[in-house]
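Q: Got a structure for you, questions after.
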Amino acid sequence: MIYQSPTIQVELLEDNIAKLCFNAPGSVNKFDRETLTSLDAALDSIKQDSNIKALVLTSSKDTFIVGADITEFLGLFAQDDAVLLSWVEQANAVFNKLEDLPFPTASAIKGFALGGGCETILATDFRIADTTAKIGLPETKLGIIPGFGGTVRLPRVIGADNALEWITTGKDQRAEDALKVGAVDAVVAPQALEAAAIQMLKDAVAEKLDWQARRNRKLSALTLPKLEAMMSFTTAKGMVFAVAGKHYPAPMAAVSVIEQASTKGRAEALQIEHQAFIKLAKTDVAKALIGIFLNDQFVKGKAKKAGKLAKEVNNAAVLGAGIMGGGIAYQSASKGTPIVMKDIAQPALDLGLNEAAKLLSAQVARGRSTPEKMAKVLNNITPSLDYAAIKHSDVVVEAVVEHPKIKAQVLAEVEGYVSEDAIIASNTSTISINLLAKSMKKPERFCGMHFFNPVHKMPLVEIIRGEHSSEETIASVVAYASKMGKTPIVVNDCPGFFVNRVLFPYFAGFNGLLAEGGDFAAIDKVMEKQFGWPMGPAYLLDVVGLDTGHHAQAVMAEGFPDRMGKSGTDAIDVMFENKRLGQKNGKGFYVYSVDSRGKPKKDVDPTSYGLLKDAFGELKAFEADDIIARTMIPMIIETVRCLEEGIVASPAEADMGLVYGLGFPPFRGGVFRYLDTMGVANFVALADKYAHLGGLYQVTDAMRTLAANNGSYYQA
């Protein structure tokens, strides 16, 4: 053994080829500080052994290296610039040491080689992947750019255009696609991987392959003609900004770094990368996006723990077909859990099956599935008009019409057809789980399971714990949601649960602006372009449906009369009473037509302005800051109330619920990250300016205390 540490082992193979194996404790290899230090020491040991003629990098895991240890980032990025620069320079010295070894090097890549893992393989002369490999630099998704030489080496390996696409999108690349652009030199079967890498090194040692010429290309400037370079980078800037926009600076910074570094040798190019990396690491956007990644891991970790308590779900059922039932059936079946789709009407079953078939056909058309896989998934969906079909189901999801009496009747019926230990969950967005549980003989086997529409696109599922729901019931439904590929958060029962409870105060703020003559299209523009929502409040209400919004608003008003009670007609009422239901009937705040791709296209409609003018008078302009404050303050305070009341268990889960359930702008990180970034004291001062608008604008006592103590919701 040439070198050994808890994360890396180096041994000498025959023909004096050294093998460096990444073998960290746990299921994957990460580039944490310990691994980086070990790699540095391992390379020193390798350099000192004069017998070594070549080096192959391997992994003992199913993956190569999944990337840096992101749990270290927030603490590290909080350091001052000099400390951060020192860390980046020290890390890069290790990668340079690998690249500068006096003999050929190769990486044998299986599974993920992402971020620092990708930058490791770029520092070697040859790269051989097996068919499972996925390679990429996802750093821009975290608000930063690659910091271990990725922006320098990748363009010199695969060309500037390809590197720009890889880095600015942050997407993983399959082995075959990496081979096409020259990121890897060969793709082989998993069992042949190490042997193929070693053979390539033998050929390099025997001078059949020119490893030094390859290396020199990585150490030199890019060989791009000046005019071609100018056109390439100008085009890239336009395309990247069109996608990333002003709120996500990392992709544009990556283009700029690659452009500036293209005419430099390695040392100067790396310095350009270092400076840009440090600048981005200090941004609120990076903190927010890294926070989302960590919160996502936290939520998934809780779901994994729940899986240990869960009853295994091998068969499921959904009651109520149609679009929602079909979406749930598709999601369950496509992730491997057979499901019965039960309804009382054949047309509804047909609609549900058609919905599943449509989603699967789209997967096939995009090359993400095959006709054979599509047939297998459809065979996993059993349509039925008879309750007898659900008797072997481990979990039954009730998804009938959103009416308490109908749901209660169906829940009471279904209990008589399933086994004693079957779990029943209600897909409801507003109806109290404790109320529905009253119709159950075994309320401990019952909880809520709130899917968001469209089911196949929306990552969140709210699992609602009723006062009688057992831990096994909650754990089992959490595990089932995870198995379906969803991100579950567990919330306690209250009107609107968590997501709708915090959404409707936002709509109330919007209604308040319109009642004073606000222009809904102007409000949408501010909330989309400046705050960063994917849809403004008027557009969102049209998509949700004004009938749905009207009903849910009434539920919230009844549940929280002090804050959400209504004193008169609002804009939602005006649209609903005039049968303007939104996209579903082609007219709401906006009017809708179908574009050439069959998608709804919205246009401003004078009729809706006329109706609002009749109700609220002439239009009045509001400042953008006013619009943001009046819509967001109620949502933020209500989110804090949910945490204080134990409706949601942690800031992390609340923020993930908002990002995944409502599309809260990821670059802001969620309500609690936004509050911490703004400063709780600054938010309290802002809210106090609007406190005269009513209870929704009045902060809690606990918020005032936190503000007075200069506290935060996340611990750094």
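Note that Cβ sites are derived from N, Cα and C of the backbone, with glycine treated the same way.
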Q: Where Swiss-Prot shows ASP296, ASN500 binding substrate, which of TYR592, TYR609, TYR660 is named for the same site?
A: TYR660
Q: Record says ASP343, VAL400, VAL401, GLU402, LYS407, SER429, ASN453 bind NAD(+). Source is Swiss-Prot. Which of MET324, MET440 does it list for that same site?
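A: Record check against Swiss-Prot: NAD(+) site with ASP343, VAL400, VAL401, GLU402, LYS407, SER429, ASN453, extra candidate from MET324, MET440 is MET324.
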Q: Looking only at DSSP and grouping its letters into three states, which state does MET324 (NAD(+) binding site) belong to?
A: helix
Q: How many other Cβ atoms are found within 10 Å of the Cβ atom of VAL401 (NAD(+) binding site), counting all protein chains shown?
A: 9
Q: Can you check which residue among the binding-site residues ASN453, ASN500 has the largest number of Cβ atoms within 10 Å of its own?
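A: It comes out as ASN500.
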Q: Please name which of the recorded positions listed here, GLU119, GLU139, ASP296, HIS450, ASN500, is nearest in space to GLU402 (NAD(+) binding site), Cα against Cα.
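A: Nearest listed residue in space: HIS450.
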Q: Find the one among the recorded positions GLU119, GLU139, HIS450, TYR660 whose C-alpha lies closest to that of MET324 (NAD(+) binding site).
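A: For MET324 (NAD(+) binding site), the closest Cα among GLU119, GLU139, HIS450, TYR660 is found at HIS450.
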Q: Among GLU139, GLU402, all listed as recorded positions, which has the most CB atoms within 10 Å of its CB?
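A: Answer returned by the neighbour count: GLU139.
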Q: Return only the integer: C-alpha distance in Å from SER429 (NAD(+) binding site) to ASN500 (substrate binding site).
A: 7
Q: I want to check the contact list for TYR660 (substrate binding site): same chain, sequence separation of six or more, C-beta distance under 8 angstroms. What comes out?
A: MET458, PRO459, LEU460, THR487
Q: For the C-alpha pair, I'd like the distance in angstrom between GLU139 (site 'Important for catalytic activity') and VAL401 (NAD(+) binding site), rounded off.
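A: So the Cα of VAL401 (NAD(+) binding site) lies 43 Å away from that of GLU139 (site 'Important for catalytic activity').
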